[in-house]
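Copied from TrEMBL, the annotated features are:
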DOMAIN    3-138  domain 'Nucleoside diphosphate kinase-like'
BINDING   K11, F59, R87, T93, R104, N118  ATP binding site
ACT_SITE  H121  active site, pros-phosphohistidine intermediate
Amino acid sequence: MATEETLVLVKPDGVARGLTGAILARIEAKGYALVDIRLVEPDRDLLAAHYAEHEGKPFYEPLLEFMLSGPSVAIRLAGNRVIEGFRSLAGTTDPTTAAPGTIRGDFGRDWGLKVQQNLVHGSDSPESAARELDIWFD
Ligand code: DAT
Ligand code: MG
C-alpha cells in the first residue's frame, strides 16, 4: 500500500483551547508523519473552496463564520491509509456522540447546535485530500 497524504486541520476551537499539542501527540503516537504544518488565518474565499460541497446547507454559514473566528493549524499528514486512519482518530462529526478515545469524543464539548466546533477536519477521500491540500498549502 503506497503512502498517502491527507489534510488535517486543528480548527479555531482546538487552537483557542490550547489543544493543538494534545491533538498532534495522538497523530504522532499513531505513527503518521508531519510533512508540513502551518498556522493559517483563512479568508472567506479559501473556506468557500474548502467547503464547496456544503454550500447551501443550513449549517454552511455558521460553519464559515466559525472557521473565520480565528486561526487554524493546517497539517500535511502522511502515512499508510492515513485518510481513513485520521478520520478514525478524529471520531464522528458530532462531538456529543463521538466515541470516547477519539479526539472529538474526548475533547469535544456539547455546544448545543454548534456541531461545527468539533476541533478537527480530515479529508474524506484521496480526491478530497488532493484538492484540499492544494487549497491550504498552494
Ligand atoms: P466531517 O467534518 O466529519 O467530515 P462534514 O464534512 O459532513 O463532517 O461537515 C463539515 C463540517 O460541517 C463538520 O465538521 C461540522 C459541520 N457540520 C456538519 N454537519 C452539521 C450539522 N448537521 N450541523 C452543524 N454543523 C454541521
Ligand atoms: Mg467532511
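Note that Cβ sites are derived from N, Cα and C of the backbone, with glycine treated the same way.
A TrEMBL annotation is a machine prediction, not a hand-curated record.
Here the features listed in TrEMBL are painted onto the structure.
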| residue | record | CB count, 10 Å |
| --- | --- | --- |
| K11 | ATP binding site | 22 |
| F59 | ATP binding site | 14 |
| R87 | ATP binding site | 19 |
| T93 | ATP binding site | 13 |
| R104 | ATP binding site | 22 |
| N118 | ATP binding site | 25 |
| H121 | active site, pros-phosphohistidine intermediate | 24 |
Quiz item: Once the DSSP letters are reduced so that anything not helix or strand counts as coil, what is N118 (ATP binding site)?
Solution: coil
Quiz prompt | Structural state census, the domain 'Nucleoside diphosphate kinase-like' (3-138) (DSSP three-state) | solution = 59 helix, 26 strand, 51 coil
Practice problem: Calculate the distance in Å between the alpha carbons (Cα) of R87 (ATP binding site) and H121 (active site, pros-phosphohistidine intermediate), and round it to a whole number. | Solution: 8
Self-check item: Residue among binding-site residues K11, F59, T93, R104 with Cα closest to the Cα of H121 (active site, pros-phosphohistidine intermediate)
Solution: K11
